[in-house]
């Protein structure tokens, strides 16, 4: 008896040790995936500038993660539980890390970043002689090469299509991340002590949350670093993190997350298929399985049964799919959650660009505030929502009303944002005439003024200077400046004739390098905007908690898995992939000045019309959210009619599902949309 007790104790200890090791490793892998996901979101604008691409193309690169995920989601869902789950998770983490490193590789093959491509200025030279002013351009114009000769000898710049590697790397990262969450959750659910799975899932997801916070903090740090840090003398770089041409060390984030992911993958290959069985028992069971399958009669019988099973499953699948797609409650639910989540995906993808263009904040400052304030607000909101649902034991109608309140708050916040839009910057040649006296109807082909018409300026040049009249000029030449302070910091240009015509009394017609800052009124609006953003994140997160329960309450119990899976597929394909693309295309329409390379090809946007940008962005979000309120009203009406007099309270099992879904909802590093497997 003593020997048997000792053996049982050893097995229990072995199981606990193996399971705890798996739990620790899965937590580490969650941190790795959180790092990579957030780095992609916050580096989108940096990637756009580095590869000289539009916002819509940057949105396609962002959505490639979901494309990769959709490629293998069916395979993982069907075969994952039948194979060696720890090894599959290890393979996923390795692919995730490989994809992240592939995304960083173009940095090492593209050469130095040239932020003044329009003028072919070498970033390693900080001399103002490289910044053509009016007098220099007049002399250069005598020996200027005709444009047709330049175009004839133009060679495509190396690295112009290197963004494809970022696209492929992000897709590979999506493929790799697919097995991590669903197989990790199923493994915990299978081998955890009864009633302890929620606790373990909470622990794992809490670690994932720390990964999100670390990602924002590191992203803030990397955004401050110049892209070619370690390769160029930083004292020679004229631009600052607030400049529209600034590119931070975007590649460093992917390199860090890639290395962390690969390291996290290695131990998974040494974990057992089943922590309950010691190695010898697994070998014996494998040997017995081989002996059984060697029997030819058994093989034939198994093959016949398998064919019947597959046929039955395929038929049952289509019948089940038809059943959920003919369920009006489910169809309405899918549509309004898609519209609601699309608004949040757009916010997460483009919030850095919006804040930068509207209020002049740097990406580093925005990342820091998002990590410190907005992310904790979402976390607290999700758990508060769960507490409200449990405390008041909300019915289906109550859950729908909570979602309605969430959508209403989100809609009101978008309307408030319209009052916080700053006026577009005063830019001579884009919003004003070059003499600064009159506004222009269109930023396209604004004619030169008498103050700079004799300077022979290159109108495609973007080297902005701020006149002491508060107006930004596209270049020192277009400001009509005749001299400069040399290499002395800060660089100042003097005798600027286009500044002079404003009629300043002190006759100090000068301009300094860089765009003019936003005024005090706009700065105050930026703080109000961020306060509303945090409150909106908290209050909406409270309501969104109900979605994870609604999806399993409006279909038959046996169709829960399919309903969640189909919902996830729609969210990822029509939300995660398409939203960054069509919002990016909308943002591109508000661009006033595009960069051009030496061949004249269009690159990234240098400055947007902030008024049109705000109206277009928030207007489209309102257009997405308003139908949500209408559909939720219809949903509540149909629920009342269908479940009139029936008990629609949340059961204990559904509360447990809700808790787990909330944790996964928070830990989704790509966007706040829970996947099917996660739930």
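Cβ atoms here come from the backbone N, Cα and C positions, even for glycine.
Because TrEMBL annotations are produced automatically, they should be read as predictions rather than curated entries.
Taken together, the residues of the domain 'Major facilitator superfamily (MFS) profile' (22-642) have an average pLDDT of 83. The domain 'Major facilitator superfamily (MFS) profile' annotation in TrEMBL covers 22-642.
Across the domain 'Kazal-like' (445-500), DSSP classifies residues as 4 helix, 10 strand, 42 coil. The domain 'Kazal-like' annotation in TrEMBL covers 445-500.
Within the same chain, residues 62, 65, 86, 89, 93, 96-97, 99-100, 103, 170, 173, 177, 180, 184, 187-188, 191, 200, 203-205, 207-212, 214-216, 218-219, 250, 253-254, 256-258, 260-261, 264-265, 267-268, 271, 275, 667-670 sit at least 6 positions outside the transmembrane segment (21-40) and bring their C-beta atoms closer than 8 Å to a C-beta of that stretch. The annotation transmembrane segment is assigned in TrEMBL to 21-40 (among others).
Residues annotated as transmembrane segment in TrEMBL: 60-81 (among others).
Annotation source TrEMBL lists transmembrane segment at 88-109 (among others). Same-chain residues lying 6+ beyond the ends of the transmembrane segment (88-109) with a Cβ under 8 Å from its Cβ atoms: 26, 29, 32-33, 36, 39-40, 50-51, 68, 76, 80, 159, 162-163, 165-166, 168-180, 183-184, 227, 250-252, 254-255, 257-269.
Under the heading transmembrane segment, TrEMBL lists 199-223 (among others).
Marked as transmembrane segment by TrEMBL: 250-273 (among others).
What TrEMBL records for 329-352 (among others) is transmembrane segment.
Marked as transmembrane segment by TrEMBL: 368-389 (among others).
Annotation comment: TrEMBL describes 396-420 (among others) as transmembrane segment.
Here TrEMBL flags 527-550 (among others) as transmembrane segment.
For 562-583 (among others), the entry in TrEMBL reads transmembrane segment.
What TrEMBL lists as transmembrane segment is 616-639 (among others).
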For the transmembrane segment (616-639), what are the same-chain contacts with Cβ under 8 Å, counting residues 6+ beyond its ends?
328-329, 332-333, 335-336, 339-340, 342-343, 346-347, 350, 354, 396-397, 400-401, 403-404, 407-408, 410-411, 414-415, 417-418, 421, 583, 586-587, 589-590, 648
Is it the case that the transmembrane segment (250-273) and the transmembrane segment (199-223) have 3 or more CB pairs under 8 Å, with pairs at least 6 apart in sequence?
yes
Positions on the same chain near the transmembrane segment (199-223), where near means CB under 8 A and six or more residues out:
23, 26-28, 30-35, 37-39, 42-43, 46, 184-185, 188, 192, 241, 248-250, 252-253, 256-257, 362-365, 367-368, 370-372, 375, 379, 659-660, 663-664, 666-667, 669
Residues sitting near the transmembrane segment (329-352): Cβ under 8 Å, six or more positions beyond its termini, same chain?
41-42, 44-45, 55, 59, 62, 363, 366-367, 370, 406-407, 410, 414, 533, 540, 544, 547, 550-551, 554-555, 563, 566-567, 570-571, 574-576, 579-580, 583-584, 587, 617, 620-621, 624-625, 627-628, 631-632, 634-635, 638-639, 642, 671-673
